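Colleague: Please see the structure below; I have some questions.
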Amino acid sequence: MAKNIVVIGAGVAGLTTALLLSRKSGYKIVVAAKHMPGDYDIEYASPWAGANYMPVSITGTDAAEWDKNTWGPLEDLARNNPGAGVHFQDCEIHNRTKDVGSATAEWFKELLSSNPWFAKVVPNFRALPKEALGPGIDSATVFTSVCINTAIYLPWLVSQCLSNGVIFKRAIFDHILDATASGIHPNGNVDLVVNCTGLMASKLGGVQDTTVVPARGQIVIVRNDAGKMLDMSGTDDGDEEACYVMTRAAGGGTILGGSYQKGNWESQPDPNLAIRIMKRAVKMCPALTDGKGIEHLDIIRHGVGLRPVREGGTRIEKERIGGVLVVHNYGAGGAGYQSSYGCAQAAVDLIDQAWNVQAKL
Ligand code: FAD
């Protein structure tokens, strides 16, 4: 008999978990969420992401394993599935010696290394020659990465799930066990709940994980083309600010970032921060405006998203709450896309273990 599963959450974590589950026999899946692809809301991180593959996970950790296991599926989408809105793009990591010891440089430690674990995973990892570096840059690496147009990719995930029989519905749960109430799953009883509520796991009854906090990311989306992705080891504007640029696939515009403001829930863009973001981006990537100033940036929109950062990293665990089996997959911080397939597969493995369901061949 098929097992009835409710996945709470339609961000990249919930959708990827539902997709991998739906490729197996033995599960009847409902995705229930307050926000769905197409929505833009401060409680919904996924649409705001760049999103690219730029691992900051440390060698030997679960996080590095999840990132590693995600490269293959993303590479496959970029190579073989243009409808997913994922494309290859070179990613340059610029390193300033003066940032050593700063919070950003600590967070980026592995990324800034000349020999990170992912050098053997992504194609074409290499150091840039000194003469290719801009003023103030002491070293740089470059590799082939992917950039995901989230406005295409999230609906694509939904459509893949729908094709595999997944049911989608809007619902707001005060308590995780509300997902087992009658009327949520068409088959009646619910055998297992998958918790992919991101930052809001901090408020969801039965979970209330207060170790999940927002890391506020402000962005500017412009029509200008950067031609590549760039990221800097730090800024001269404090540890809560960041500098990165990436051009999304299929006309998705270029994302200029950003910030990493921990504990800050503010949903409205800060205009002063927006100016700093644009100035830093144009300085790091003069190709954006042919060497001209920020008045030559053609702004599509300003945005703010909250990364669901969890002390101790993403929670992928099995738990029994009020007698109901729950598998958690939340708290991916700034890595929800680049770890999506690895995390979802780890969650699916836990679900399979509950009933020893064999993969459909
Ligand atoms: P969310 O997308 O927040 O989804 C949560 C879901 O749960 C929503 O559907 C919500 O409605 C639902 N939900 C929550 N509570 C309830 C409830 N009580 N009842 C019903 N439904 C509920 N990651 C990368 O890998 N690469 C990047 O380049 C990148 N760049 C980023 C840039 C910015 C500016 C930001 C903000 C994030 C970035 N990230 C990036 C991080 C990435 O966006 C997140 O890690 C990821 O989106 C988290 O996805 P999620 O599915 O866990 O949560």
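In case you wondered, yes, glycine gets a Cβ from its N, Cα and C as well.
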Colleague: Which one, ARG216, ARG276, ARG307, is listed by TrEMBL in the same D-dopa site as TYR244, GLY334?
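Modeller: That D-dopa site, as TrEMBL gives it, pairs TYR244, GLY334 with ARG307.
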Colleague: Tell me which binding-site residues (TYR244, ARG307, GLY334) have a Cβ under 6 A from ligand 1; sequence order is fine.
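Modeller: Those binding-site residues that pass the cut-off, since their Cβ is under 6 Å from ligand 1, are ARG307, GLY334.
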Colleague: Nearest to THR197 (FAD binding site) by Cα distance: which of the binding-site residues TYR244, ARG307, GLY334 is it?
Modeller: ARG307
Colleague: Out of THR197, ARG307, GLY334, which has the highest number of nearby Cβ atoms, where nearby means within 10 Å of its Cβ, if these are the binding-site residues?
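Modeller: Result for the most crowded candidate: THR197.
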Colleague: Around TYR244 (D-dopa binding site), how many other C-beta atoms are within 10 angstroms of its C-beta?
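Modeller: So the Cβ neighbour count for TYR244 (D-dopa binding site) comes to 24.
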Colleague: Quick check: which same-chain residues outside TYR244, ARG307, GLY334 lie with their CB within 8 A of the centre of the D-dopa site CB atoms?
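Modeller: So the extra residues in range turn out to be ALA49, GLY50, ALA215, GLY217, ALA242, GLY257, GLY258, TYR260, GLY333, ALA335.
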